[in-house]
Every structure is written in structure tokens, then in C-alpha cells.
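Worksheet: one structure, shown below.
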Amino acid sequence: MYPPPPLPPRRDFISVTLSPGRSYDGGQGLRRRSFWRKWKQLSRLQRNVVLFLLACLMLCGLLSYISVADEWKAVGSRSAEGPKMRPANPPVLPAPRRAAENPETFAGASPQKPPRHFRRGPPNLQIRAPDGDAKDRRQDEAQRRAEAAGEARWEDDAQGSRVSWRGTGTEPEQGPQLPPRKAEAAPRPSPQALRMRNSPALQNERQKAVVAAFRHAWAGYRKFAWGHDELKPVSKSFSEWFGLGLTLIDALDTMWILGLKKEFEEARKWVSQKLLFQKNVDVNLFESTIRILGGLLSAFHLSGDVLFLEKAEDFGNRLMPAFQTPSKIPYSDVNIGTGVAHPPRWTSDSTVAEVTSIQLEFRELSRLTGVKKFQEAVEEVTRRVHSLRGKKDGLVPMFINTNSGLFTHLGVFTLGARADSYYEYLLKQWIQGGKKETQLLEDYLEAVEGIRKHLLRRSEPGQLTFVGELAHGRFSAKMDHLVCFLPGTLALGAHHGLPADHMELAQALMDTCYQMNRQMETGLSPEIVHFNLHPQRSHKDVQVKAADRHNLLRPETVESLFYLYRLTGQRKYQDWGWEILRSFNASPRAATLPSATSRTRAIPSPGTRWRASFWGRRSSTCTCSSPTTQTCSAWTLTCSTRRLTPCPSGPPPRAGRLPSGCCPGD
């Protein structure tokens with residue numbers, strides 16, 4: 001039998017299909033078909049999610065492109081408008097003029113004599129000199145003679161000369177060419193400014209102490225923080241807020257008033273060469289207006305130097321984008337380099353105090369430059385706030401929405417932070433506008449009555465009159481140091497013809513603000529106090545919580561003391577201001593200057609910041625030795641940095657910022 005034959009060997013084959021007209025592409029077609037197969041394998045929900053994410057990315061890219069295009073467009077339009085000449089618009093408010101230029105505009109004034117200013121307040125508010133020693137009287141008489149001589153020198157040189165701190169020499173004008181329009185608004189320092197320049201040698205001991213305190217503080221800033229926003233006295237370094245030299249600009253008018261000519265000229269040189277606003281930085285509209293814009297305007301009014309007005313107009317133009325909102329209520333922040341404005345990062349609200357406490361500066365800028373847009377923007381804000389609902393007998397909430405233009409956080413009313421200067425600016429705008437804007441006066445008077453009705457109380461056991469807060473119908477005996485602006489504002493209103501009981505309330509509140517300082521161990525007021533409403537033997541009228549036991553060098557009390565002293569003639573208000581100065585000098589201070597956060601109890605400890613604005617403003621009551629040597633009617637002090645803007649009524653109006661209101665020779 002034979003074995004079976006072996007199986008034939010197995011053959012393997014490879015099949016290759018070649019399509020006509022197509023070549024091998026390295027598997028790309030297979031990969032494309034594979035991707036499409038995977039896409040089809042996804043569920044409908046998964047495919048929709050992927051498509052939604054792609055659509056979001058495309059939308060974000062489109063929005064980013066539009067935003068960048070708008071910024072470049074704003075920068076381009078500003079550069080294109082720069083070289084254009086501004087149309088010669090007539091001033092919005094009456095331009096300053098000398099009293100003798102148009103004597104018929106003052107009732108009862110003869111052409112031969114300058115018009116006499118008749119005060120409208122009650123008889124007991126007429127300014128009178130306090131009893132003083134013979135030395136003070138001799139100084140006052142010498143000051144008056146110096147002022148008269150200074151004005152006479154100006155009249156001799158007025159036709160073809162210019163007064164300057166750089167020397168008594170004059171620069172005659174060449175030919176019949178008319179001066180620039182800006183210079184026509186305030187071509188020279190006012191008589192008050194001339195006296196400030198000529199009278200440092202007549203300072204009394206208190207005035208010398210004020211000047212010494214400023215010199216000490218300024219030396220520290222100049223050495224460790226020159227050209228920067230703030231000095232940090234403990235570490236002997238500096239900090240920046242906007243990077244625009246806030247301290248230096250804030251102190252310009254103070255140095256002029258104190259007669260510090262060398263320091264003023266050095267600071268002016270920095271403004272001329274280093275102060276540039278074309279930078280990519282966000283600034284707070286309110287803070288930059290009252291400090292930078294107001295500081296430059298007041299330096300212009302006091303010195304007559306057009307450099308400051310030109311800088312002020314440039315800066316004012318860069319702030320205008322903040323008003324481009326749906327409601328015309330300005331945003332809180334604006335980039336002065338790109339022109340892009342926005343609300344705070346955490347909310348779309350602005351505080352009522354911020355949007356209603358920029359009017360004096362912008363109105364004055366329009367008056368000086370003839371450009372109406374500044375005044376129109378801020379007055380539109382005033383009109384809208386006037387017509388809003390949510391007020392309580394003239395009292396306003398603390399917040400307002402920039403989109404809707406409506407009050408938010410309704411039912412909370414305070415005269416402290418976020419609302420304080422709204423009430424102050426109602427009165428001062430009315431005065432600045434020649435007492436013709438009745439809407440402002442009505443809002444102010446209604447607010448005063450609302451304060452009396454809802455916020456005014458008396459403490460125990462000393463029966464101190466104070467202003468508390470109201471939250472949804474519940475009263476709180478809390479009072480910020482900021483509220484101490486109110487005595488000065490009430491006194492100013494009474495001086496301008498408002499009810500005499502406003503002065504009585506002003507004096508009562510002034511006593512309270514003084515006690516907020518006196519009852520502290522250091523003689524310095526804390527940031528916030530709470531008043532005792534129930535008789536208890538172991539409790540004082542003023543109570544302070546641990547978190548509030550610090551002093552931020554705020555000027556409100558000192559400014560009110562200045563008003564009360566100048567409008568009543570009572571020497572005690574000047575003495576109280578002197579006590580506050582001595583308390584600051586007695587507290588521990590760094591080698592550079594006093595700190596901005598000194599403790600009000602136990603041993604004061606220096607803080608980390610220096611509020612430069614206070615050290616100019618606190619000089620008010622200490623620098624004025626007689627309230628008869630200078631009228632208050634030609635000036636309107638603004639909030640926070642207390643700048644002065646001119647009043648159309650009264651003596652020849654001149655504006656500037658007196659840190660608290662008077663010249664060192666008074």
C-alpha cells in the first residue's frame with residue numbers, strides 16, 4: 001500500500017487595485033475618510049457641543065478685533081484733531097474782569113469808586129476782627145499797605161508788562177498784537193495772589209510753624225519720591241496711583257500761598273518738562289479731576305502762568321470719554337492714553353459723590369478756555385441726578401448705575417463716604433454760577449431739611465449735635481470724619497444769604513467735630529466715631545471702634561474751622577485749628593514727614609503713606625490772623641483738595657485753590 005501523496009504547497013497572494021487616472025497619495029485619502037468616519041461616529045450631542053465651541057471662539061475673535069479697532073480709531077482721531085485751531089467760542093461763564101472796567105454792572109456803584117460788596121447774611125454774621133494784641137494789629141496794617149503798594153505797581157505796569165516771580169523786571173509787549181485768548185481769561189495774578197507773594201516777611205509765629213511743617217514734609221517728598229504720586233515715609237520710598245506726580249501738582253498752589261518761591265519754581269519746571277499725559281494708564285475720574293485738573297487750574301489762577309492752563313485743558317480733553325455712557329452718568333475710570341472708559345471691574349455703578357463732585361472744575365475749565373463741552377457734560381449729570389427718584393427729603397443714595405442712570409442700593413442715606421460732596425457742590429455751584437441756578441439752591445435747601453429731619457441727633461451726656469446714618473429706616477449713630485465738611489458749608493450758605501439758623505447748626509456741628517479730636521488721647525480725630533445715645537456715667541459722648549482708630553490726615557475739620565473763623569470772627573476757631581496742628585507735630589513722625597495713618601489712641605505709630613493734600617490745606621486757620629484783610633466772597637473752595645473757583649458776584653473774581661482758604665499774610 002502506498003502512502004498518500006503530499007499536499008501541494010500553500011501560496012499567498014497580494015492583490016493591488018489601481019484606479020485609472022489616480023495615483024498613490026501616501027494614505028491621505030484614507031485618513032480623510034477615517035476623520036469623516038469618526039465624525040459620523042460621534043453622537044448628535046457631541047457634534048453640537050463641538051460646533052458651539054467653535055462658534056464661541058469665532059465670536060470672541062470678532063469682538064476682540066472690533067475693540068482693538070476702536071482704540072486705534074480713538075488715538076488716530078485725537079492726533080488728527082490736535083493741530084486744528086479751536087473755534088473762538090464765547091466763555092460759558094462770565095470771564096474775570098477788573099471792577100473798574102464796567103462799574104455800571106454793580107448796583108449803586110459810582111464810576112469813580114470800586115463797587116462795594118454788600119454781604120447778604122444776617123447782621124451777626126458780618127465779618128469782624130477778633131480781639132488781638134497790638135502786634136497783630138500792626139502786622140495787619142502793614143499787610144494792607146503792602147497790598148496797596150503791590151496793586152499800585154501792577155497798575156503802573158499793566159499796559160505793557162507782565163508780573164513774574166522770576167524778578168520784578170517787566171517784559172513789554174511787542175507791537176499791537178493781541179494776547180492769546182487763554183491769557184485774556186486771567187492774564188495776571190489777582191490782588192490776593194500779589195499780596196501772598198509780597199507778604200511772607202510779615203508772618204506771625206503760628207504762620208511760621210505752618211510753613212515749617214510744610215517744608216519738613218516737602219523735603220521728604222523731594223528727596224525720596226520726587227515726581228511720583230505719593231511718598232512712603234517709613235520705608236523712604238514712593239508709590240504710584242496714576243503715575244502723574246499727584247503730590248507735586250497738589251502742592252503747587254500751597255507753595256505759592258506760603259511764599260515758597262524756590263520750591264514753586266522747581267515744581268513748575270517739572271510740570272513743564274516731565275508732566276506728560278500721553279500714557280497708557282487708567283485714572284479715576286473723580287480723584288484725577290479734583291487733584292490734577294483742579295490743581296493745575298488753581299496754580300494758573302494764582303500765578304497767571306498759561307502753562308498750567310494748557311496742561312489743564314489737555315488733561316480735561318482726555319477725561320471726556322468717561323461721559324460717553326448710555327445714561328450720560330460718567331464711568332468711574334478712563335484711560336488717558338487710549339481714550340477708553342469703563343466702570344470699576346467689580347460693578348457697573350459709580351458713587352453719587354464721584355459723579356456730582358467734578359462740576360466746579362469742569363465748569364471753570366469751560367469758562368477759561370471757551371470750550372463748552374466740559375460744562376455741558378457735567379451739567380447734564382446734575383440735571384439727571386436732580387430728576388431721579390429714590391431720594392428721601394433731598395437725601396440721595398450712595399450709588400448710581402452708569403447704564404440705566406438710576407440710583408441703586410436704595411434706602412441707605414449718609415453724609416459720609418460716597419455721598420458727602422454731593423451736598424457740598426450743590427451750594428458751591430450755585431455760588432460759582434452767580435446765584436442764578438435755582439435748581440441747585442432748591443436741592444441744597446431740601447437736603448438741609450432732610451438732614452435735620454432724619455439724620456440729626458444729640459449725644460449723651462454732652463449733648464453734642466451730630467449727623468448719623470439711615471439704613472432702611474433704621475438710624476445709626478455712626479459719623480465719618482468726612483461729615484465735618486458740613487459746618488463750613490452751612491456757614492458759607494448763611495454768609496450768602498441763606499437762613500440764619502444754618503449758621504447756628506454750623507456752630508453746633510463744629511463743636512462736635514472739634515470734640516472728635518479733643519476727646520482722643522492724641523488730639524487727632526479717628527476716621528469714624530460712634531456717638532453714645534443713652535446716659536451712662538462710664539461712657540463718653542464719642543466712642544471709637546478698634547478698626548477706626550487711625551487718622552488719614554483729612555482736611556474737612558480744618559476747612560470748616562477756617563469758614564467759621566472768617567465768617568464769625570470768633571478767635572476760638574483759629575485756636576482749635578492751632579491745636580490740631582500741634583497735635584500732628586507732637587505725634588511721632590518719620591525723619592521724612594508725618595505719616596497718614598497715625599493712631600488716635602495710645603501711642604501714635606507712623607503709617608505707610610503721606611497725604612500731601614492735607615499738609616497744604618491744614619494751614620487755613622493758623623495762617624490767617626485777621627478775618628478783615630481778605631474777603632471770602634471772591635472765592636469758592638471745592639471738595640477734597642479745596643480748590644477755589646471764581647464767583648461772578650462780589651469783588652473782581654479770581655480763582656485758584658487756597659488749601660484751606662487764605663494767604664499766609666492774613
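Using N, Cα and C of the backbone, Cβ positions are placed for all residues, glycine too.
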Cross-link partner of Cys484 (disulfide, per TrEMBL) out of Cys513, Cys622: Cys513
Cys513 (disulfide bond) versus active-site residues Glu287, Glu527, Glu556 - nearest by Cα: Glu556
C-alpha spacing of Cys484 (disulfide bond) relative to Glu556 (active site), in angstrom: 5
Most Cβ neighbours inside 10 Å, all chains, among the active-site residues Glu287, Asp420, Glu527: Asp420
Cβ atoms near Glu556 (active site) (within 10 Å, other residues, all chains): 26
Integer Å distance between the CA atoms belonging to Asp420 (active site) and Glu287 (active site, proton donor): 14
Tertiary neighbours of Cys484 (disulfide bond) (same chain, Cβ under 8 Å, six or more apart): Leu509, Cys513, Met516, Ser525, Arg554, Glu556, Thr557, Ser560
